[in-house]
Amino acid sequence: MPVLSEDSGLHETLALLTSQLRPDSNHKEEMGFLRDVFSEKSLSYLMKIHEKLRHYERQSPTPVLHSAAGLVEDVIEELQTAPVNNEEKELLQLLSTPHLRAMLVVHDTVAQKNFDPVLPPLPDNFDDDFDEESVKIVRLVKNKEPLGATIRRDEHTGAVIVARIMRGGAADRSGLVHVGDELREVNGITVLHKRPEEISQILAQSQGSITLKIIPAIKEEDRLKDSKVFMRALFSYNPKEDRAIPCQEAGLPFKKRHILEVVSQDDPTWWQAKRVGDTNLRAGLIPSKQFQERRLTYRRTIGTLQNPRTVKKPL
């Protein structure tokens, strides 16, 4: 087997690993799957981007200018106020292109380390209505993505409770929202007397900065540990056609023979999983093996399904 030098990059290592894969009659499908994954151009590009970032990180580069966009505006103004030759005219056209100006804005944002949104200060009397209860104000930033949490109504108290946190979603990435937390307000809107569907609609329509007023659970659950369970689906699944799923938007559609990584089996009915090779890092809900088998058994008993197969098989 060829030996890599110390200067070899990740993408070179990946290419070498791909070339060393050999057919195996006992694991033909798995080897084919690995070859397809390792040969993906997008994965190779990500490796190269990673190497470039690591290279510049080690060099600790510092920006020469923190306001490149402002400098360009000054240059454009100077060029527009006087007669220009062909070279200056070409420079003016180049500096006026939207792509270049957008790149300079990004450069200034990075140079000034202005990554986070500016959030308004919290009101002084935000917890006047909660007596002695501990109130937590959580402010998240989400852009055209689900919040990554489902809610339920407590049958005894009527409180709106966070039922589950979807792995990889905005709520999970923040580390500030936990299963069992009681939700009181969303962007200043009281949710105590609203139906869960109405609250979900408010959350779905909120973009950019979203503020949640939460009463933390008495005992917050430990963060879920990463699972290393991979399964091959033996059937296709569309959550929009599943009336039993608690939240169709949180469901994970998949096709037969897709490889799924199950990241949480805490709920005996609905597991959280990701599609292997999917660029979306957020997990979605899928029926658990036991729950799907019970459904298949029920359909068989009423004569709607013949010879049901097992839901998934571990790899």
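Cβ from N, Cα, C; glycine included.
TrEMBL annotations: computationally assigned, not manually curated.
Pulled from TrEMBL, these are the features on record:
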type: DOMAIN; residues: 6-60; note: domain 'L27'
type: DOMAIN; residues: 61-118; note: domain 'L27'
type: DOMAIN; residues: 137-218; note: domain 'PDZ'
type: DOMAIN; residues: 226-296; note: domain 'SH3'
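Per-class residue totals from DSSP over the domain 'L27' (61-118), listed helix then strand then coil: 37 helix, 0 strand, 21 coil. Taken residue by residue, the domain 'PDZ' (137-218) breaks down under DSSP into 15 helix, 32 strand, 35 coil. In the predicted model, residues of the domain 'L27' (6-60) average a pLDDT of 71. For the domain 'SH3' (226-296), the DSSP-based tally of helix, strand and coil residues reads 14 helix, 24 strand, 33 coil.
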